[in-house]
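Notes follow once the structure below has been shown.
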Amino acid sequence: MKFGVVVFPGSNCDRDVVWVTDGLLGQPTRMIWHQDTDISDIDVMVIPGGFSYGDYLRCGAIARFSPVMQATVEHAKQGKFVIGICNGFQVLTELGLLPGALVRNRDLHFICDRVPLTVVNTKTPWTASYSANEVIMMPIAHGEGCYYCDENTLTQLEANNQVIFRYGSTPTPHGAENPNGSLNNIAGICNGQGNVLGMMPHPERASDPSLGQTDGMKLFKGLL
Ligand SMILES: NC(=O)CC[C@H](N)C(=O)O
């Protein structure tokens, strides 16, 4: 499995992902500057976290116009894997590869914390290594992480089991632990086909045992 990790001006989790896929998992991994367009060698495109273009306008609003993102749309259309983590999730919603939007956190503060998540759909290639409704811990670090979409979209996401991760330690959509006000406690969703995943928590920061948390590793391992 070959991983491609996009680098925008302002990305700051790109090397963390490379450390997991290459350093810990020994998979071929290439960092891809946002102006590059040839990604034909890549199996899994990773849009990492950070502050692409300084979060100007809205998080992800400028990055979505980068040449590499058009190539990523084609990549996704072929059914290949794309994952957006945190700022990457924001970019994927701006791009339209995933529905909805990430807006300012409920309390209008940047949140840096470690939170429980429930894996609510394990029938995806991303989550096949987790057990049903497994509760895991992952770091979050975002200012615009409140997931929002219109009512029809929300109904569809739920009906098609496209909600993959919810905040809190219960699979129900309205559990009490919701750090940022996301609708239905949504922390991560996939597209209809299941090959594109977006999530606000950081699995790459919860993979190396030396950091004390490894619940994110199953997500990367599941793809291999
Ligand atoms: N860790 C991140 O990717 C942060 C995303 C974005 N800059 C925000 O604050 O919401």
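Quick reminder: no glycine exception, Cβ is built from N, Cα and C everywhere.
So that you can see what the record holds, here are the features copied from TrEMBL:
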- C86: active site, nucleophile (ACT_SITE)
- H202: active site (ACT_SITE)
- E204: active site (ACT_SITE)
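For ligand 1, the active-site residues lying close by, meaning a CB under 6 A from one of its atoms, are C86; the full candidate list was C86, H202, E204. Other Cβ atoms within 10 Å of the Cβ of H202 (active site) number 23 in total over all chains. Look at E204 (active site): DSSP puts it in a helix.
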